[in-house]
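Feature annotations, reproduced from Swiss-Prot:
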- Cys146, Cys149, Cys199, Cys202: Zn(2+) 1 binding site (BINDING)
- Cys163, Cys166, Cys185, Cys188: Zn(2+) 2 binding site (BINDING)
- 5-70: domain 'J' (DOMAIN)
- 133-211: zinc finger (ZN_FING)
Amino acid sequence: MSKRDYYEVLGVERGATEADLKKAYRRLAMKYHPDRNPGDKESEDKFKEANEAYEVLSDASKRAAFDQYGHAGVDPSMGGGGAGFGGANFSDIFGDVFSDFFGGGRGGGRGGAQRGSDLRYTLELNLEEAVRGTTVSIRVPTLVNCQPCDGSGAKKGSTPSTCPTCGGIGQVRMQQGFFSVQQTCPRCHGQGKIITDPCTSCHGEGRVEEYKTLSVKVPAGVDTGDRIRLSGEGEAGTHGGPTGDLYVVISVREHEIFQRDGKHLYCEVPISYTDAALGGELEVPTLDGRVKLKIPEGTQTGKQFRLRGKGVAPVRGGGAGDLLCRVAVETPVNLSRRQRELLEELRDSLEGDSSHSPKASGWFDGVKRFFGDL
């Protein structure tokens with residue numbers, strides 16, 4: 001059966017750069033690696049084919065020979081110079097590939113100790129708690145070391161036996177085409193030993209599920225998305241590995257009055273038609289209590305008043321933000337006969353005097369000009 005063109009195998013153009021070759025090879029190696037496709041002969045063949053293609057094309061002299069003579073220039077069975085390990089450098093590629101398979105580094109090292117997973121817990125707070133800070137108690141599901149076996153996974157008093165697959169080394173060597181790769185033993189996971197008499201409490205896992213109650217101190221000024229790291233409060237590691245961390249992620253609930261944007265707070269303040277026209281004074285809420293806000297006469301809907309320092313002091317330091325109050329003028333409803341009469345008198349008295357409604361007057365003038373131009 002004739003071999004496919006090496007450029008075709010990797011899916012690159014003949015003028016591909018070294019970076020292009022490496023990227024293409026890594027993609028194929030990840031896709032067809034035997035550990036991802038156990039028992040799949042077709043994937044194994046494609047993996048070997050990609051290895052062979054990259055081994056030739058990543059070496060300048062072999063690539064030149066292939067470009068000139070094709071497979072005959074590099075295949076010893078066809079009279080060429082052959083394709084041994086030569087100048088191809090697979091170490092950097094497989095460092096990346098196997099880190100994806102095994103969680104970092106080829107083989108993971110002797111002993112197979114692995115750090116426990118980090119945990120994430122979403123903590124909901126109201127706005128007042130987020131602004132002022134608080135201390136809360138949380139209950140988190142996690143994995144802890146099994147006490148009866150002290151995390152070993154073996155029944156107390158029993159002794160693990162040497163792994164027959166790796167002979168106690170913790171790593172195995174796989175032949176892949178023209179080269180071999182060393183990786184973590186799939187049976188003992190790098191331990192070099194297997195448990196023949198597992199602990200009945202954890203069934204040989206070394207860890208058990210448990211709820212952990214923790215006290216979390218929330219600093220003042222936190223906002224949605226902020227994280228609090230509790231070091232060593234994640235899942236227990238395996239085979240003596242370190243414990244992971246717990247990340248408490250803040251989520252601030254919506255407030256019925258205030259909206260927050262960074263260190264500033266916003267609220268809408270409804271005022272009466274008469275207060276807007278005549279001016280007045282009203283109380284508005286802040287997180288520190290009520291304060292008086294002076295409303296000047298002629299205030300329009302949308303007017304914004306700034307109360308300095310009545311916002312939020314950021315968790316990372318700096319002065320407190322402001323509270324911005326946006327006025328919304330309410331139109332009176334459910335009027336009595338006398339109230340209607342008074343408003344009608346007011347309307348009649350304002351008729352024809354544009355000085356009382358400059359925006360409306362300007363708008364109507366614009367409308368007239370618009371229709372006059374049609």
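Note: Cβ is positioned from N, Cα and C throughout, glycine not excepted.
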(message) Around the Zn(2+) 1 site formed by Cys146, Cys149, Cys199, Cys202, which additional residues qualify by having Cβ within 8 Å of the site's Cβ center?
(response) Gln147, Pro148, Asp150, Gly151, Ser152, Gly153, Ala154, Lys155, Pro198, Thr200, Ser201, His203, Gly204, Glu205, Gly206, Arg207, Val208
(message) I need the neighbours of the Zn(2+) 2 site defined by Cys163, Cys166, Cys185, Cys188. Which other residues of that chain put their C-beta within 8 angstroms of the C-beta centroid, in sequence order?
(response) Pro164, Thr165, Gly167, Gly168, Ile169, Gly170, Gln171, Val172, Pro186, Arg187, His189, Gly190, Gln191, Gly192, Lys193, Ile194
(message) For the zinc finger (133-211), how many residues does DSSP put in helix, in strand and in coil?
(response) 0 helix, 35 strand, 44 coil
(request) Measure the Cβ-based neighbour count of Cys166 (Zn(2+) 2 binding site), defined as the other Cβ atoms within 10 Å of its Cβ. (result) 21
(message) Here's one to test understanding: among the binding-site residues Cys163, Cys166, Cys185, whose C-alpha is closest in space to the C-alpha of Cys149 (Zn(2+) 1 binding site)?
(response) Cys163
(message) Neighbour count, 10 Å Cβ-Cβ cut-off, for Cys149 (Zn(2+) 1 binding site): what number do you get?
(response) 23
